[in-house]
Every structure is written in structure tokens, then in C-alpha cells.
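Undergrad: Sharing a structure here in C-alpha cells format.
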Ligand SMILES: Nc1ncnc2c1ncn2[C@@H]1O[C@H](COP(=O)(O)OP(=O)(O)O)[C@@H](O)[C@H]1O
Ligand SMILES: *[C@@H]1O[C@H](CO)[C@@H](O)[C@H](O)[C@H]1NC(C)=O
Ligand SMILES: *[C@@H]1O[C@H](CO)[C@@H](O)[C@H](O)[C@H]1NC(C)=O
Ligand SMILES: *[C@@H]1O[C@H](CO)[C@@H](O)[C@H](O)[C@H]1NC(C)=O
């Protein structure tokens, strides 16, 4: 009995306690928050210990405010799995949410309208979807971080983020962001950190960055690449660290002199051009500047001693060490600078002599620039007054661009000037007074000749402009008729000019555009034409004759007489080599430019030869790259067909590998060999992916790899290139190429993909390592074919060591490099095309072997930098392959670490 009563007392007592607890609990935390927390506990499949019972304010990692509502949830690195319930945003007083470095999956919780939320960290989880109103109404948000959530579907940075006017940090590296960076940065007066590396953001830097207080701007390694200029950095005076590497930014480095706190700037692997401004090298706090793999020009920048700099080897500085460029180079760069340093110029204008194959520039025999031909480039910008420093210039063609501002007065001082064509631009202002010897073309510039008083609307013509504007109106009213007339006249002129060119004897100097105007008669004619120049009749165009033979570094039809002359009538002494389609001769133009003339044997010019010939011209006109041999021009003279190439003084890789002894050459060192391999890989990578269109070489081999005096290599002989259709699907084509280098699937089916070149490249690597030819009939049967023999070798390091080219001197370090190349050669020649790496992988694998530079600073940030990356495109392909362990183990794959 007693016992019973005792028991019921206990029960009563328990009930009482419960009631008290519940009452207290009701006071302590609102029922809503408790329900949500219970749901959260339930939805985490492994919730933290202690997450039971009705008092969430007491739970581990949970805090409540004085009103008893949940203010903070902090569960970092607890190996949590499961999901976050979608109603988390009903925790109306939540200030801080830390769930980083767990295994949370499922949809991200909507955080919308959590007006107290200040601090969110969701880094390093496995969330798989983004709710639509994820980040709206977060009016107190200060730091937001969602790095390293690569399982998210592609999502865009929501514009609604601009409600978060107190934002200090926004971090979303490797979170699958796509689309543009929204232009909302006028809304964040306190923003200091914006870290969006390793996503697929595209478009340009938003203008609202300007005057923002961002200090830490990390936008590196976007898959497709951010593009446009980096001009906006100029006004971002708080910047300390700027990572823009591995993107597609273009244009010059702006004046960064107001960024006085900047200490770390990473610009490598973009398409930046222009002269590196002194304001940049003199930044007071600068510690690290990575500039490699761009197309910078001008003097090598000199940084002070404490600065860690990488300029790489692929920028086009005028000299190999700091110091001023040749005055003509300085001037031309200033001219290019007024056009924001166009990419084509940056790629072609190498070295310190504008007379050596600079595109759009021609020179006279004495090495003075006589022609600038920037016609029809659609360039924007202005005409630099510095042109007047090119005192020997005769022809300046700037027509059909989008140039603004005025014609500089300084041009009137040019004594030799004969033609200045600025027609069809947006130039304005008064036309300077040129001497009577100058033909001036200014039509198609709406506001030119109108000497506007400052700030008056362009429409009120002043007296002096009457002629001009009348001509203008006439042009506009019958535009289409004009187009027809002009095209017909132009066509006739082309025909005339070509005939004329053929008739001209060996005296013809085809590099020098003005030569055609030499005779007195022509000068007379031109003067007469000039006097009627404002009337704009088609007759006036007769002076255009002089334009047609302007050699501008582009392609040109070259008369056979010229080629005969420069090769001394195709003399035996000038033979450089013989190839499948004919003999290659050496020649020298009047301006000193050395060329190689490839003369097709006439009996070989069946349809096949002709098709190759045309294919080669067509492709080479589109393709320009520092690792591809440039085509200067061609000649098609009935049954003679010739191609004129840039001269490669050191001949072919084949000679240096296999015939060095009989040619009196030194055998190549290992360093030279890897450097050559990387050059070739870059050239082929460009063919595959960087040209506007994708191309497959199809005949890669050592005789098609040519060397310059610096022993840097360029790929040649595109006669067999067939343009790959979009998306690089395989095309079935007639079998072409050379035995020993043919990929098995190509030999068997004739189906071509870019992987055919990868295979051939692998064979070349094997030749570089062993010094043996792809096919060597003199060897025993099991060694005749290099590929199967070598692939057997690479199963054992020692057998590779025993089969190296005997001329290679190998210490351990060298052998380790050789071994890596040997493995790469193995991958490249995999039987299955899909198992071969892309050319961009190959570039990545080879670059560290060539470029010995290593960073010495410890990484401070959470985004590890991979200094081996060489091209923006590489990442895209790399990432596409990241999941296949075989390919990622081949290359540095640990490029992104999350740590906090
Ligand atoms: N641009 C060049 N500059 C210097 N030498 C060249 C050039 N082009 C070709 N040669 C020489 O002529 C040889 C034959 O060239 P090519 O006809 O292109 O070879 P193939 O038909 O075997 O591919 C090359 O191996 C090289 O020695
Ligand atoms: C992430 O989630 C996906 C399903 O969405 C699953 O297949 C994968 O294994 C998860 N990864 C980790 C590391 O938990
Ligand atoms: C990156 O985004 C672009 C569209 O902007 C898309 O075409 C491309 O497929 C994306 N790349 C990857 C790897 O997701
Ligand atoms: C052009 O010449 C003038 C005077 O000779 C000189 O001051 C100026 O720096 C030169 N400009 C360039 C771009 O070379």
C-alpha cells in the first residue's frame, strides 16, 4: 500500500515536473522555433549529440536571444549528414548560421526574409539545389559563404542580394555559379571581399565595381572565362589582392596608381595586351605579380627587388631584359595603345624591329616604317599623335574602323606622307592642313570638318565645313547606288592591279606599297586626282591603285617574278629541304625579310595537290599563333603554285633529332627538347581550340616542326588540315598523313578527331626521348614501329633509361623529367581515342617541366593556385575530365582546397 502511494506520488511528481518544464519551455522559446528546431533535428540523419528534448536553446551549438528565440546555429565540421528543412527561414531572429564542412545534401534552405541574419557559412557541403528566393530580403547580411559546393546545379548570383546593404564578404568559390556577375555593387558600401573563383561566370567585370571598397577580389579560373577589359580596377582604390588568372580578359593593364594597398595581383593566363604601365611596377605595397601567358608588349617591366614576379616566356616584350624599346617600336606601341592594343597586333608585333613581320606594317630597305595599314579592322579608339614620329611614313590607312576624336595636327609634319585614309570612322573636328602632296580621304565621318565650338551640338555646321557636309548628304541619300558603283569599280581595280602586278618585272618590290607610285606620271595623276578630292566622284578612287600592293603582313598574291628573283631562279643553292609536295627554297625580300618558298611540283598538281594547296591557304589565313609558322603569301600562276612562309632559320626538328651529325649540328639537349615539345603542344592546342574555328593538323611529325634561332618551335605544313566541324565531332575524310604517326582508329576507319593529332604528338615525344624515327626499317621487326615498342618499354623505368637517345646526358633530375614525358607519350598514344588527353592537358603536363619557377610564398587563401595552368581553356577540359581518376592523377589535381 505504502509502496503504491509512493509510486503514485512519483508519477504525480513527474507530471508536475513535466508541466513545469513545458510552461518554462513555452516562456523560454517560442513554440514555432521549437517546432522548426525539432524538424531540423529530425531531418539531420546524424544529428549532434544532445539534440533531443524540448529545449533547443540548450542544444549544442544553438543560442537564443533574450526573447527566447533562436539566434544562432553553429555546427561546423561535425560530419553531419541529411538535409535542412525548407522552413528554416521561419527562425525569425536567426543571426548566424554555421553549417560548414559537413555532408549536408538536398536543397539549400531558403534564407529569404531573415532580416536579422548577419552571418552565414555553408562551405564544403553537398547541397544539390538552390531555392528561388534563396537570398532575398536579407537586410542585415554581412558575411555569406558557400564555397566548395560543387554538387549544386548551375545557378546565378541573385540580384536580390542587393537588399543586403551591409554586406562585407560574399564567398562562393567552386559553387557552380554561372551567368554574369550582377551589376549591383553600388549597393554595398562595406563590401571588402568578393571571392568567386572556380565557377563558370562569364561576361565582363561590372561597372559598379568602380569605387566599391572591395579589397579582396578573387575571380580566377572561370571555366568559360570572364572577358572584356580590366579597366574598372583603376578606380578600385581599396584593392589589396586581385586574382583574375585563367580567364579571357583582354586589353591593357590600366593605370593602377590609385590602388596603393595592392600587394598581390594575379593576371596570368589571360589575353592581356599592351605595355605594362610604370604605375603598376611602382605600386608601393606590391609583393606578387603573376603576368605570364598573356600577350604583353613593350619594355620588360622592372620591379623592385622584393617583388615576386613571373613574366613567363610567352609575353611579347621587345627585349629579353628591362630597358627601352627601339624608338619605332615605342611609337607604334603608342599608336596601338590609342586603339587599346588590339589582340592581332599584340600577337604579331614581337621583338624590337617592326620591319620583321609585324602585321599591318611595312618598311623600306633602310628599316624605316613606311606603311601603317589598319584598314577595315573594326577597331575603336583614337589616332595617336605619335604617328608623327615615324618620319618616313608614306601611307596611313585607318579607314573603316570606329575611330573617334580628331585627326592630330602633328601628322601634317610628315614630310613623306602621300596618303592618309581615315574614311568611314566617327572622327570629328577640323581637318588639319596637309601639304599638297598628300591625298586625304575623310568621307564617311559624320562630324568631320565641322569645327565645333566646345559643347555645341554636332549639327550646327560652321562655315568651313560646307563642302564636306554637302558631300556627306549626297552620300547618304543614294547610299545603295554608291555601294554598287564602288564595288564594281573596286572589282575592276583589283583585276587591273593584279594584271599590272604580273606584268611588272623583277624590279617590283612587293613589300613596299609606295613603289608603285614611283613614276613621275603617276605622281602627276595623283596630284590631279587630289585636287578634285572633295567632290567624291568614283574617278577619285583611281588613286586607290596604290593600296593594292601594300604589304601589310597579311596574305597577298605574289607575282612569280618576285619569287624567282628572291630565290635566284630557284637555285639549287637555295634549297632548304624537300617534302611530300615539292621543294622548299630560301629567299630574301628587299627589306631583308627572309622567307621560305614552297614550290609544288607541277606534275604533282593533280586535283589532290591543288586541294591541299587551297586548304593550306584557307587555313593559314585564319590561323595565327606564335607557335605556328606564318604564311606570308602565295602565288598561283597557271601551272606553278607556290606558298611563301616565314623563314625558320634552324630548319626542322627532324634534322636536329635524326640528322644532326651529318648537318654539323649539336644534338639537342633535354631542356631544348621539352621546350620544343611544349611549343608544339601550344601550337596544336591553339589549332584545336583557340582559333575561332577548330582545326585538326593531321600530319604532325618532326619535319613539320620548324625551329627559330632561339630553338623555339613552330608547327608548319597545314596542307592536310581539314577544318573540324563545330564541336569537334569526327569527320570521315580521305586518309592523309604519314605512316608511323597515324592513330589506329584513323588508319582503320579514316575518322578524324583532334585525338589523331594527340596520337601523332605522342609519337613525336617518343622520338624526342629515344632519337629514333617512328618507322625504322633497318631495325629488327619488333622494333621497327616505335609506338608498340616504346609502349612496352614504359612498363619499366629502367628499360626507358636504357633506351634514351644516347646523346642525352642524364642526371636524376633530368631523368625524372624524361620519365614524365615518357608517361605522357604513353597516354597520348592510348589505343582508344577517348583515353588520350586533350592537347590542353598536354600543355599543362609539359609546362612545369619547362618553367622551373615555383612560388615560395605559402598560400594564405583557401583557393590553392595551380601555377602550372597555362591556358584558360585548359581548366574547362580539365574539369570535364576531373572525375576520371586516370586523367586527374596524371596532372596536379589538388588545385582547390577548402580550409578555414
Ligand atoms: N618555313 C621554313 N623555313 C625553313 N625551312 C623550311 C620551311 N619550311 C620547310 N622547310 C624545310 O623544308 C623541308 C620540307 O618541308 P615540307 O615540304 O613542309 O615537308 P613535308 O612535306 O615533309 O611535310 C622541311 O623539313 C624543312 O627542312
Ligand atoms: C553528394 O550527393 C550526391 C547525390 O546528390 C551523391 O551521389 C554523392 O555521393 C554525395 N557526395 C558526398 C561526398 O556525400
Ligand atoms: C559554362 O557556361 C556556359 C554558358 O554560359 C555553358 O555553355 C557551358 O556549357 C558551361 N560550362 C560548363 C562546363 O558547365
Ligand atoms: C616623339 O618625338 C618627340 C620629339 O622627338 C619625343 O619627345 C616623343 O617622346 C616621341 N614620342 C614617341 C612616342 O616616341
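One-based numbering along the chain as shown.
Placement of Cβ uses the backbone N, Cα and C atoms for every residue, glycine included.
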Undergrad: Select from 479-501, 502-524, 525-547 the stretch of residues annotated by TrEMBL as transmembrane segment.
TA: 479-501
Undergrad: Which of the three DSSP states, helix, strand or coil, fits residue 598 (ATP binding site)?
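TA: DSSP call for residue 598 (ATP binding site): strand.
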Undergrad: Once the chains shown are all counted, how many other Cβ atoms turn up within 10 Å of the Cβ of residue 598 (ATP binding site)?
TA: 24
Undergrad: Could you tell me the mean pLDDT over the domain 'Protein kinase' (570-850), as a whole number?
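TA: Summarising the domain 'Protein kinase' (570-850) by its mean pLDDT gives 82.
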